[in-house]
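Going by Swiss-Prot, these are the annotated features:
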- HIS5: active site (ACT_SITE)
- HIS41: active site, nucleophile (ACT_SITE)
- GLU25, ASP27, ASP85: Mg(2+) binding site (BINDING)
- CYS45-CYS51: disulfide bond (DISULFID)
- CYS47-CYS190: disulfide bond (DISULFID)
- ASN250: N-linked glycosylation site (CARBOHYD)
Amino acid sequence: WIMGHMVNAIAQIDEFVNLGANSIETDVSFDSSANPEYTYHGVPCDCGRTCTKWEHFNEFLKGLRKATTPGDSKYHEKLVLVVFDLKTDSLYDNQASDAGKKLAKSLLQNYWNNGNNGGRAYIVLSIPNLAHYKLITGFKEALTSEGHPELMDKVGYDFSGNDDIGDVANAYKKAGVTGHVWQSDGITNCLLRGLDRVRKAVANRDSSSGYINKVYYWTVDKRQSTRDALDAGVDGIMTNYPDVIADVLNESAYKAKFRIASYDDNPWETFKN
């Protein structure tokens, strides 16, 4: 999965997919009542990027729905996965469940079209704080009470705080999560970070007792760091330059081993060689 980083304006969906992304990451900010409010990152952000592009969250969802609904004039067949980077650090811990419920209702109405031929992309809820695990249970409760528990089949999870892998496993246990797990590791492109924790996550993914289904690394903008991440065995790379990742995947060393995921590739299944 080539994951376009910080796609917060509707116009950027086309831009990143046209550069080769089959997945996008979108920032979601919340108001003081735990309602998802804007797709907005703010300052500071990655080097070389404008930090302040934004939409109202529900409007962004409508644009995203068009981009992922077959037959729509804005449809992109290859856009198959969306990571919502949930900026819950502005909330109190006891608001996490409410944030999950409100997020689910927004998605149900504006993205999934109340279960009636809505957008088809898989969704990852990426949460920065392990203490906010109830966002997951709240999300699930809301979809169930709204009569659409089947949509949970399209939803996966990530804790994005670079926490100890054992602590992450524990948070999932508390949330009742037993699958659909993506594990992120990374740092802003302004700084360097080694691949030690990525390798631990990959080892967990590949062990019979692991909780991780997929591993992605962020934010990778250079060819050599792309090669290093691929050599470590990641499933996804988040980038400001999807074309750079696509170029490296075309190199002979990687062409035989990796391919760009399509809609038929289940993002919740661990890939077995």
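Just so it is clear, glycine is given a Cβ too, placed from its N, Cα and C backbone atoms.
Locations of recorded Swiss-Prot features on the structure.
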residue	record	Cβ within 10 Å
HIS5	active site	29
GLU25	Mg(2+) binding site	27
ASP27	Mg(2+) binding site	24
HIS41	active site, nucleophile	23
CYS45	disulfide bond	21
CYS47	disulfide bond	12
CYS51	disulfide bond	15
ASP85	Mg(2+) binding site	25
CYS190	disulfide bond	11
ASN250	N-linked glycosylation site	10
Candidate nearest CYS190 (disulfide bond) in space, where candidates are the recorded positions HIS5, GLU25, ASP27, ASP85 and distance is Cα-Cα: HIS5
Collapsed DSSP category at ASN250 (N-linked glycosylation site): coil
Candidates ASP27, HIS41, CYS47, namely the recorded positions, that fall within 10 Å of the residue listed as 'active site' by Cα distance: ASP27
ASP27 (Mg(2+) binding site) to the residue listed as 'active site, nucleophile' - Cα separation in whole Å: 6
For ASP85 (Mg(2+) binding site), the one of HIS41, CYS45, CYS51 that lies nearest, given that the recorded positions are compared by Cα: HIS41
Near-site residues: Mg(2+), ref GLU25, ASP27, ASP85, CB cutoff 8 A to centroid: HIS5, MET6, VAL7, ASN8, THR26, VAL28, HIS41, VAL83, PHE84, LEU86, SER126
Candidate nearest HIS41 (active site, nucleophile) in space, where candidates are the recorded positions GLU25, CYS47, CYS51, ASN250 and distance is Cα-Cα: CYS51
